[in-house]
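**Q** Okay, these came from TrEMBL:
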REPEAT    129-161  repeat 'ANK'
REPEAT    195-227  repeat 'ANK'
REPEAT    228-260  repeat 'ANK'
REPEAT    262-294  repeat 'ANK'
REPEAT    295-327  repeat 'ANK'
REPEAT    328-362  repeat 'ANK'
REPEAT    363-395  repeat 'ANK'
TRANSMEM  489-512  transmembrane segment
DOMAIN    499-729  domain 'Ion transport'
TRANSMEM  524-543  transmembrane segment
TRANSMEM  564-585  transmembrane segment
TRANSMEM  597-624  transmembrane segment
TRANSMEM  636-655  transmembrane segment
TRANSMEM  699-721  transmembrane segment
REGION    827-876  region 'Disordered'
COMPBIAS  828-837  compositional bias 'Low complexity'
COMPBIAS  845-856  compositional bias 'Polar residues'
Amino acid sequence: MENVRFSIIENDLKRNSESGIDNEVFYERSISSESNSDTIFSDEAHEILIWQQQHQVLWDSTEIEQTLGQLNNATAVAQMVKTGTFTDLIPASNDAQLALLYCSIYGCVENIIYLLDHCGSDPNCCDPRGRSPLHFATARGNSHIAKVLLDRGADPNRWDAKKEVTPLHCATSAKSVECILLLLKRKAHINIGLEKRSALHFAIDRNAIECVETLLKYGADPNTPQVYTETPLHTACALGFTKCVELLLNHGADVRSQFGEGKLTALHLAAENDYADCVRLLLEHNAEVDCRNASHQTPLHLACLSQSIETVELLIKHGANVNAVYRDGRTALHAAIVKQSRCLDCCTALLKAGANVNKADNYGYTPLHIAALNEFSNCVYAFIEHGADITARTDGNVSALSFIVRRTPEIIPKLMSKFDESIKVNDHEIGDVDCEIKLDFRWLVPPGTLERGETELLLSLIECGQKRLLMHPLCETFLFLKWRRIRKFFLMSLLYHAIYVILFTMYIVGVYVHHCEKDVECRAPGYIPTVGYFVIILNLLLLGKELFQMAHGLQGYAKYWENWLQWSIIFGVLLCVTPEILIVGELQKVPVWQHHVAAVVVLLVWVELMMLVGRFPIFGVYVQMFTKVAVNFGKFLLAYICLLIAFGLSFSVLFNDYKAFTNITWSLLKSITMMSGELEFEDIFYGDVEVQYPVTAHFIFLSFVLLVTVILTNLMVGLAVSDIQGLQVSASLDRLVRQAELVSRLESLFFSRLLRGAPTRLLKLCKRSALLRTSRNKLLFVIRPNDPRDNQLPEDIKLNIYKLVAERRDRNMSIRRRKFETNYSMFQRSLQRQTSTQRKEKTPMRNNATDYSKTTTRPEHEQLLRPRSATNVPNTLMGETDLATKLKNNVNGISDVRSEIQMLKTQVGELSEKLDKFTDTCGKKLNFAVEELCRIKMVMDQKSAMRSERTFKV
């Protein structure tokens, strides 16, 4: 599937695999797989286009000559026609008819008159393909020859051999209005061939507007008498001839008529071929905007498949249903995701018109699935911006987020930015006590998940390998609040299991430990039957719970090994609780095999309780350490089992008189036990039994001590320490993952389809207790991180939120600072150019006006920082005659600026040198100074916030 670039390929694969259709053949026929072509044509539109291309020239001259050349004596007759000598021609013979055909082709009017009048040629003679001289004359638009032939009895309604064309068809094909008028005056049937292709069809094929006007004027019917046949309007719309469409519509063409097996209307043909002008004309003449073809497609679907943004917008403007579905339940949004070039424009237009972005097809694919599958990242982000549910799943249980991660990973950072944007601060500074931070959880709970729970997105992140996103403060806060809401149900489950374990333990101790030994008849005490009945009842309840979870989702149920442990416990308890023991006062004998089963089951029951306790966030990391070290130790033991077997066999040979090594199986068990340090050196070598093989025995025993007890044991300890350190590093993330899985599993039970028959009030009560919201507006959470009275969240979560807000503010300030530096450098270069220009202008001013020398030699900053007035007009725009006015304005400007400079020096201090050289050419000089002051205040506020943060940490 990696190389597939079509829109709904996986659906077609599934459907074709079931029906046995060859996929390659199907893709060639499927509309959704035609996205590689520049334009998408239906079969009917393709037929119209092929006909128009094949009949651009009605008959080729070479073909005509070849056809006539097959007749007898054709070469001699052709030579007679070329020379104009017909003395050897026999009147009324076949040669005379052939000569007339050649003359009509070559356009010899005099020869035609001679042949008709003196040689007895038949004006209705024809070639082997049934074409008469009148056919050839009108096909070339020769009205003179046509008139001569008609005057001498030529049939204006004669068909060719295939009954495809008459002389009127030929005239319209040649765009000859004169021939058309001539034939109509001689009683040519204007609607001849209407059931297939009339002369009006041929005129439209050539886009012969004058011919179309003439035919319509003289009564040509723009509609066909038979249903599902090609009308002239279909032809005009398929070829995009706007003027022809307008003429046909003005003369009563039926916009509702359908064509071919596809049942396409003219609007379908115009929409799928991107002829917006034709679409506009059809809609103005009351064409049905949501008409359906045989595939239940509307014109909007076809316009989206052809990526015609103008047509899409036009159809939407006239009220097209953007959520209408066609084959396989696809909508216009599904159809629009075909080619990346114009896909985004079509999708944007549909989304603005209210298209349902979460509508899934019959296979569960939403437009977001298709966009991600085709790697259209722009469309993916546009769908997400308009509320697409990234947790939506196909029928194969594949989420849209999974496609996004694998096909468009560049979207993931944008998801992070969405998380950041969901945390907002009010107008107060982040260090103030009144500072409020609002967390909007609506992005974590998409609209489509209203009936699937609130943790669907978090679970999808874990499945797709993006569990690091759970450490975002928004997700962490959401999980904490969810756990606080749903933990009551978990505590109830834990209490149930605890009672179950305690009662079963009482039964095991009372029956198998104290009263019923091996193969001995016993009488259980009075409380044992009562406990046994309670154990059976609780075991049946546990069985029902497991069956419910299995029916809720077998695939997800089977992947958790704890569920298999539960089934082992259920069947083990049923084997241990003997019905005979439940009869009070009677002697019973407990089989040996039940003791074995009881020993195993009681161990499994307490292990299950330990795993259940480990689901608590505060205990989870310790239980996870145990399970991970246990699994790795199993792998470790499996890797070195050969070494242990080797020593076990050696000890069996060397210490055969020692009881622990007499059996090979027990020898292996003893070797594993000796790994813990239980070597028993003195008992083996200095006991009652003498060592039979002293040297070899000492050497093998020493090898075991070094290789197994020292090296292997220390290696195992180091491995365990390494695992624990790794878990401690990722403990926070692992805790969030376990918490999300537990919350999701408990929450999903309330939305199971198996509870549809449950009491509505009880189900609503449970959902209300487990969910954070009952509507989309109740997913806002407000905290005051600097207020010691606000204890809604733990301190570590509040600190993470506080850090995120502070870092975001610093980042925004850095961006503003870089933008300011860029603008300042641009202004500085502009000032330098202006200063150099003014210096060049000062030299002639000193020579012409010495009285104003002091004024002209003022510091540059006093000239550049004067207020916005007439003095800001560049000197280059002033003529030499305005010198006195210019100097006066400079003096006035300098006097006004002095007070400004003094004020700026006292307020800005270190920025005075920059302000002395700065001027705003756009009239915003003073606003810049105010902005600099604001920036200084923001820096001071930031330092204050940092001090507050350090105080907060302390």
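Note: Cβ is positioned from N, Cα and C throughout, glycine not excepted.
Let's see these features in context: how buried, what's close, how far.
**A** Only residues 6 or more beyond the boundaries of the repeat 'ANK' (129-161), in the same chain, are considered here, and those with a CB under 8 A from a CB of the stretch are 58-59, 64, 67, 100-101, 103-105, 107, 109, 112-113, 116-117, 123, 167-168, 170-171, 173-176, 178-179, 182-183, 186-189, 192.
Tertiary proximity for the repeat 'ANK' (195-227) is limited to same-chain residues at least six positions away from its ends with a CB under 8 Å from its CB atoms, namely 51-52, 55, 164-166, 168-169, 171-173, 175-177, 180-181, 184, 233, 235-236, 239, 241, 243-244, 247-248, 251-254, 257-258.
Summarising model confidence by region, the repeat 'ANK' (228-260) averages a pLDDT of 89.
The list of residues near the repeat 'ANK' (295-327) in space but at least 6 beyond its ends in sequence, with Cβ under 8 angstroms from a Cβ of it, reads 31-32, 34-35, 39-40, 42, 262, 265, 267-268, 270-276, 279-280, 283, 289, 333, 335-336, 338-339, 341-343, 345-346, 349-350, 353-356, 359, 361.
With a threshold of 8 Å between CB atoms, the same-chain residues lying at least 6 positions outside the transmembrane segment (489-512) that come near it are 522, 524-525, 527-528, 531-532, 534-535, 538-539, 541-542, 573, 576-578, 581, 590, 594-595, 598-599, 601-602, 605-606, 608-609, 612-613, 615, 742, 746, 766, 769-770.
Long-range contacts of the transmembrane segment (636-655) within the same chain: residues 661-664, 667-668, 670-672, 675, 684, 691-693, 696-697, 700, 703-704, 707-708, 712, 715-716, 719, each at least 6 residues beyond the stretch ends and with a Cβ under 8 Å from a Cβ of the stretch.
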**Q** What does the DSSP secondary structure composition of the repeat 'ANK' (195-227) look like, as residue counts for helix, strand and coil?
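**A** So the counts come to 16 helix, 0 strand, 17 coil.
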**Q** Counting by DSSP secondary structure, give me helix, strand and coil numbers for the repeat 'ANK' (228-260).
**A** 17 helix, 2 strand, 14 coil
